[in-house]
């Protein structure tokens, strides 16, 4: 099967047409988001599994389904592609989309390593195309308001940061029994493509901390740990060798210090991102999970009594909405490919730092 079409109407003037590439679990969320956005029309879906592409298109009322990206791009009656393919093909598929002159919204991580990610950055920037990456916790209202408060100088100069992303599915059964569920077992096995907790959720907390603080990371030192989880270190075909916990110390561009840590053994924490940003005039405390977020502040005279007060956070656009706005305005949105590549560089360095047991400088490619 190459392409299936049902009847479709004309696109209103100014409306942006989207194709969703890859129709796995996350793609359904993308379809729901983009279909709901004014000024946006999802016109096609593409997946190497023809039956799955057809079923996905039918479920979401999408007119066309393709089983080949080359054929979809040859048809080309869309403005942008949402890349929801597996991580290992993000680079190849994104470069193909960029070569065809289409804007792109890619799932995280942008690539499997920083070298590949920066190759994608250069291709997108050279082509002058709108490019964004779906760091999902940017959707949290609290982190968006916190960033604005930091930029406005409400906490003064950032001096110390404490950030964590903590899960507990290795000790609790709230997401199922990982011992018998392949959805979780592969995440524990480097042979099945996992880079452990650092590769899985480290990308989120590093985005969260750099965006929230408004500071890039200039140097880092990381320590990774893999714990014994099964007799012989394996369950069936899965060798359980991927890292379970990571503790990182960082120095920011302005000289501030911070700690960033993540774990799947954080008993009592289901899926929690916590960020504290301490400045010379005040401090912010941000919490988020996949559906909710909150913000507290210690400002002005409250810094003398260590009094924290809740801050009401206005709704913020979703990443998908910011992408459509970028398409309509012609001005690239955030987070973009370059930021995602810089986060990937931090992940790559963390593995090297752990192996070499030392602090490493972060050297990024100039824009």
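Yeah, the Cβs are placed from backbone N, Cα and C, and that goes for glycine too.
Record features, source TrEMBL:
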DOMAIN    17-135  domain 'Gfo/Idh/MocA-like oxidoreductase N-terminal'
DOMAIN    144-284  domain 'GFO/IDH/MocA-like oxidoreductase'
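Across the domain 'Gfo/Idh/MocA-like oxidoreductase N-terminal' (17-135), the DSSP tally of helix, strand and coil residues reads 56 helix, 28 strand, 35 coil. Computed over the domain 'Gfo/Idh/MocA-like oxidoreductase N-terminal' (17-135), the whole-number mean pLDDT of the model equals 97. Mapped onto DSSP classes, the domain 'GFO/IDH/MocA-like oxidoreductase' (144-284) shows 39 helix, 52 strand, 50 coil.
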